[in-house]
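Working notes, beginning with the structure itself.
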Amino acid sequence: MSANDRPATGQPTATYESAFLKACRREPVPHTPVWFMRQAGRSLPEYLKVREGIPMLESCMRPELVAEITLQPVRRHNVDAAIYFSDIVVPLKAIGIDLDIKPGVGPVVEKPIRTRADLAQLRDLTPEDVSYVTEAIKLLTAELGETPLIGFAGAPFTLASYLVEGGPSKNHEHTKALMYGDPQLWADLLDRLAEITSAFLKVQIEAGASAVQLFDSWVGALAPADYRRSVMPASTKVFQAVESYGVPRIHFGVGTGELLGLMGEAGADVVGVDWRVPLDEAARRVGTGKALQGNLDPAVLFSTTEAVETKTREVLDAAAGLEGHVFNLGHGVPPTTDPDALTRLVEYVHTQTAR
């Protein structure tokens with residue numbers, strides 16, 4: 001049973017009545033809940049201290065370290081949810097893909113997947129492959145109490161892009177070439193990745209995660225017709241795989257203004273919106289029955305407190321008519337952000353939206 005489910009007795013579990021989960025369920029909230037993508041990361045001096053000398057992938061596999069890093073922004077900023085500290089390529093590493101995260105570059109895959117024979121590299125993910133995730137989440141839920149923990153994974157398209165390109169890419173030429181040139185191989189690749197991603201999310205939910213977010217970082221590179229035909233079936237498969245757990249499912253990608261409706265249609269309960277589309281317009285594109293998450297421009301955090309508050313007020317005003325709203329940035333926290341700016345932002349949103 002997940003931390004979001006009501007037990008058979010009808011009594012809610014610790015996180016069920018949290019502002020974050022209520023907003024995800026489009027229920028009335030005491031205040032607009034706030035959390036930040038990449039809230040556990042390089043913007044925090046305490047993060048830099050505990051990560052010193054430890055490679056990224058190794059840090060994702062040490063349960064006590066993962067728990068500490070995940071908790072840091074909750075302690076410092078009073079955010080309404082924690083997000084599990086990991087990286088989207090962790091499940092790929094766990095099944096034996098030869099990859100590393102290079103500082104200043106990102107994930108680099110030694111042998112890109114571009115042929116049918118290459119698909120053999122993608123075996124099933126088992127809970128034993130990521131036992132450190134289960135252990136870390138057990139530690140976290142014991143510490144977090146009533147604060148929900150968000151589990152996450154990379155969406156099939158974004159994982160495929162890393163695997164096919166061999167690393168980060170601006171234009172995704174190899175990825176699109178495979179998608180257009182060999183549609184059946186592409187579909188089989190995404191289907192395998194959907195199975196791996198689903199298994200990774202199930203491990204997190206069964207360990208105690210209260211919600212999950214599917215990050216499709218690169219999907220904004222696609223036209224809507226290509227998304228619907230070549231990507232959406234795999235994302236839908238992931239959302240359907242975890243539907244029975246009853247936890248909110250969040251879907252986010254960057255530059256996805258033209259895809260918002262389809263991303264909701266794929267099976268998300270909450271659609272994340274970047275800073276380019278006002279939330280009232282995003283709601284029109286997504287349609288009814290979905291909560292929205294977002295969408296302050298992260299760059300404003302480098303401006304004055306007054307500017308941050310003005311832009312935040314614009315986001316809150318645009319969200320005023322929404323059924324459910326989780327406040328977030330429109331992308332991850334930039335590494336050089338002043339952490340005090342984030343603490344002030346959380347306090348401002350809580351104060352301004354107190355019911």
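Every residue, even glycine, has its Cβ placed from backbone N, Cα and C.
Summarising the annotation, Swiss-Prot assigns substrate binding site to Arg38, Gln39, Ala40, Gly41, Arg42, Asp87, Tyr162, Ser217, His331 and lists sequence analysis as the type of evidence. Secondary structure at Tyr162 (substrate binding site), as computed by DSSP, is helix.
Residues or ranges marked as site 'Transition state stabilizer' by Swiss-Prot on the basis of sequence analysis: Asp87. Counting only residues at least six positions away in the same chain, the Cβ atoms of Met56, Leu57, Cys60, Ile101, Pro107 sit under 8 Å from the Cβ of Asp87 (site 'Transition state stabilizer').
Cβ environment of Ala40 (substrate binding site): Tyr47, Ile69, Thr70, Gln72, Pro73, Ala82, Ile83, Phe85 lie under 8 Å away, each six or more residues apart in the same chain. The Cβ of Arg42 (substrate binding site) lies under 8 Å from the Cβ of Leu48, Pro335, Thr336, each of these being in the same chain and 6 or more residues away along the sequence. Within 10 Å of the C-beta of Arg38 (substrate binding site) we count 18 further C-beta atoms, all protein chains included. Reduced to three states, the DSSP call for Arg38 (substrate binding site) is coil. Sparsest Cβ environment among the binding-site residues Tyr162, His331 (other Cβ atoms counted within 10 Å): His331.
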